[in-house]
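Heads up, the thing below is written out as structure tokens.
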Amino acid sequence: MVREIMEEGLLTSRYQLPPNETKPTSNGADGDGLTDNLNMPSQPAASSLTLVLVFCTFVAVCGSFSYGCSLGYSSPAETGIMEDLDLSLAEYSVFGSIITIGGMVGAILSGKIADLIGRKRAMWFSDVLCTVGWLAIAFAKNALWLDIGRLLIGLGVSIFCYVVPVYIAEIAPKSYRGSFASSNQLMTSSGFAIMFFVGTFISWRTLTMIGAIPCVVQIIGLFFIPESPRWLAKCGREKEFEASLKRLRGENSDISEEAAEIRDYIATLEQQTEASFLELFQRRYANVGVGLMLLQQLGGNSAVVYYTSRIFKESGISGSLGLQVLAVLQVPAATIGLLLMDRSGRRPLLLVSASGLCFSYFLQGLAFCFKELPNLKALTPPLALSSTLIAATAFTIGLGGIPWIIMSEIFPINVKAQAGSLVTLVNWSTAWIMTYSFNFMMDWSLAGTFFFFSGISGLTVLFVAKLVPETKERTLEEIQASITHFM
């Protein structure tokens, strides 16, 4: 009998049993034993949804919430910080963008840290960095301490960007993995929205405390959740591997098939030589991961988020009103993406997201073109606001979180550290380039800036259509085997 392990017709010889051999049962018998096994109350591990799994995901995405807070902090805090500490625009620009410098350093280390000390300890390490960073900003008396705090936060959240989606992908069964991984983007959007909304009412020092709260919650929660079973299996810690998988799937679940598949896959990977950093570019999965991260940031999202207030002011819109409307929209949009993830799949959502960004940024460019025309100038505020809201919604349901989900799914565990560090570095370094150059681009041409972003989003549509695989309802081992073709 052949055990089917590949969806979409993908079968591999490693998962094929001899023709006359039946699938083993719990009591080792093959005829009546199979019937007896069917009467057992255990359920397939692949379909197990447990409270432990939900709690583990909640604890993990506290890091995503902190990341969202770090993204949304600089825009509403700008006026208060500059007035209280008497900062120049140049000094505040350094404060706003230095998080990406920390992000680049953290990106280089993220994969190795998560591989060396485990997913849980990597999240704990990030929490410490972020908590210290938020406190440094809260009690800052000058620009130096602001920059140190923001740099530490960048280090911490860049590790979160890698380890949170990886941990969720490694603990979730295939039928729920997309939805659970999408909670990463939901919590990022929630943190971002709270900073944007609450930041218009409270002081910038109080606002830092909101960013620190999820770090403290996660530090406590990490004591009560299991380590990633796939990481434990890779490290050869068999008893802990089985205990972790059993705890995640439930005491009445039969984990034997899933555990055997993970062991077989890791045993096969151990026969492969570890790829060098440059050799990763010759692998299809690395090209997909790097391409998605590059296009995500070249599309201008980080720059638009950091300087939303300026965009609204240039459009003739109240900065505080625009931020509040944008904040309210974030969580519903992320919720829609979460609900659709395992129904429609990754590719359709990416295509819709990139198409929406292409359209909305084109409208934004037109809005700034109309600003220069006396007869059409009145159209600029409503058109700019609507295009910003469309862009925010489109990004949140697709390009905001799915590249991180796909990154966590497509990399084999033997190169996940290097490949994950590579794509995280690409993401943060491109974010730095875009956030640093955005003000210069806006000074060059308001309309041209958004026409450029629209063009990049159009290229993203083509990239997704041609190269990005669908990973819905497939185990990590199935996805990686189909991409690498080594089996």
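Cβ coordinates come from backbone N, Cα and C, glycine included.
Features as listed in TrEMBL:
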{"type": "COILED", "residues": "238-272", "note": "coiled coil"}
{"type": "DOMAIN", "residues": "56-472", "note": "domain 'Major facilitator superfamily (MFS) profile'"}
{"type": "REGION", "residues": "13-37", "note": "region 'Disordered'"}
{"type": "TRANSMEM", "residues": "49-73", "note": "transmembrane segment"}
{"type": "TRANSMEM", "residues": "93-110", "note": "transmembrane segment"}
{"type": "TRANSMEM", "residues": "122-140", "note": "transmembrane segment"}
{"type": "TRANSMEM", "residues": "152-172", "note": "transmembrane segment"}
{"type": "TRANSMEM", "residues": "184-202", "note": "transmembrane segment"}
{"type": "TRANSMEM", "residues": "208-225", "note": "transmembrane segment"}
{"type": "TRANSMEM", "residues": "285-309", "note": "transmembrane segment"}
{"type": "TRANSMEM", "residues": "321-341", "note": "transmembrane segment"}
{"type": "TRANSMEM", "residues": "348-368", "note": "transmembrane segment"}
{"type": "TRANSMEM", "residues": "388-407", "note": "transmembrane segment"}
{"type": "TRANSMEM", "residues": "419-438", "note": "transmembrane segment"}
{"type": "TRANSMEM", "residues": "444-465", "note": "transmembrane segment"}
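Beyond the transmembrane segment (122-140), the same-chain residues lying 6 or more positions past its ends with a Cβ under 8 Å from any Cβ of the stretch are 60, 63, 66, 70, 85, 110, 113-114, 146, 148-157, 159-160, 163-164, 167, 205, 208-209, 211-212, 215-216, 218-219, 222. Remark: the transmembrane segment (444-465) contacts the transmembrane segment (348-368), by the rule of 3 or more CB pairs under 8 A.
Counting Cβ pairs closer than 8 Å and at least 6 residues apart in sequence, the transmembrane segment (184-202) and the transmembrane segment (388-407) reach three or more and so form a contact. The stretch with the most CB contacts under 8 Å to the transmembrane segment (321-341), chosen from 49-73, 152-172, 348-368, 388-407, 419-438, is 388-407. Summarising model confidence by region, the domain 'Major facilitator superfamily (MFS) profile' (56-472) averages a pLDDT of 87. When Cβ-Cβ distances under 8 Å to the transmembrane segment (208-225) are tallied for each of 49-73, 388-407, 419-438, the top count falls to 49-73.
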